[in-house]
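The following features are taken from TrEMBL:
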- 1-40: region 'Disordered' (REGION)
- 1-10: compositional bias 'Basic and acidic residues' (COMPBIAS)
- 22-40: compositional bias 'Low complexity' (COMPBIAS)
- 41-111: domain 'K Homology' (DOMAIN)
- 124-195: domain 'K Homology' (DOMAIN)
- 201-234: region 'Disordered' (REGION)
- 201-215: compositional bias 'Polar residues' (COMPBIAS)
- 224-234: compositional bias 'Gly residues' (COMPBIAS)
- 259-340: domain 'K Homology' (DOMAIN)
Amino acid sequence: MAYTKGERSVGDLPSSLGEGNGASTSGGPSSSSSGQAPPSAHIHMRCLIVTQDASIIIGRAGAHVNEIRDKSGARVMVSESIPGNPERILNVSGPLDAVSKAFGLIVRRINDEPFDKPSVPGSRAVTIKFMIPNSRMGSVIGKGGSKIKEIQEASGARLNASEGMLPGSTERVLSVSGVADAIHIATYYIGNILIEANERMPTSSNSSYRPSTVSRRPPYPVGGTSGSSVGGGGSSYVPGYSNPYAQTAPAAPVPPQGPLQTQQIYIPNDLVGCIIGKGGSKINEIRHMSASQIKIMEPGATGAPVSGAPAATEGERLVVITGQPANIQMAVQLLYHRLEQEKQKQLRAQQPSGSNA
């Protein structure tokens, strides 16, 4: 059996996780002073999955999800589909070893691979987007990213933690990408860290992310939109999301309902970096959340004249957003929210130490 560098087979995990083969973990992520959580420790893990994968996991008349439950011993539930939201929530709960095994089977089901055979070279990597309370993400990441690095080396999976929280919640996304065995192993170690963290400091209040429901909300007009205004039609909102530039909450992406539209806004040149993020991470996250195309134009570029749109001033950069009206609205609000965060950060940095201002 072949693995990528640092990847392990399921048999390298504790015997309860490796189908009772008696193999033990060596060189994996270090545990805290409380020791590794017993495989019987219960945990509830939630993740976001696209509707297409949800349908595959469930199967006709629930045949697939029932098989995953039977073979893993975990409780596996998929939330109802929400109109206008491309993702659903997958809930997996039970003993830690059963939960981690279930995620390995889920990846096998998505890839249409046999349940009883190890991952092979050429298996497609699948990304599982775990929703982790912000208060627990630091434990998963570790000092200087040490824990994530250890989990990656032990499993062969790739881990990436989002910086921002999901709208209307105190949860962040931990993306885990890899083949079935890699996801299985990584999930075990992530679950172990979460159980240990909860033992050290029981969780306080946590606002769980919930897919948005359709609601009629007045849109937030910024700049101009070619074709027609952003207003009109139903839009979705996520309760609890605050935006410094508007009292309305951002709309969730909705399915195409007509021709695409374009909106132009301008942002200060000196804040372009915070919008883009390291390696484009920030702008890609906003694109994904809003389901919009976002282009940051070169310095000096000007947009087509649009009635009611703000005129460019020196030191500003043109941003062109294309998509459905509700998606454009969400993209604009996410962009301005990011700008406000950076401005507040700069203001705090400028305040003299010990100032009461």
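For all residues, glycine too, the Cβ spot is worked out from N, Cα and C.
Remark: secondary structure over the domain 'K Homology' (41-111) totals 36 helix, 22 strand, 13 coil, with classes taken from DSSP.
Helix, strand and coil content of the domain 'K Homology' (259-340), in residues and according to DSSP, is 37 helix, 20 strand, 25 coil. Mean model confidence for the domain 'K Homology' (124-195) is a pLDDT of 93. Taken residue by residue, the domain 'K Homology' (124-195) breaks down under DSSP into 37 helix, 24 strand, 11 coil.
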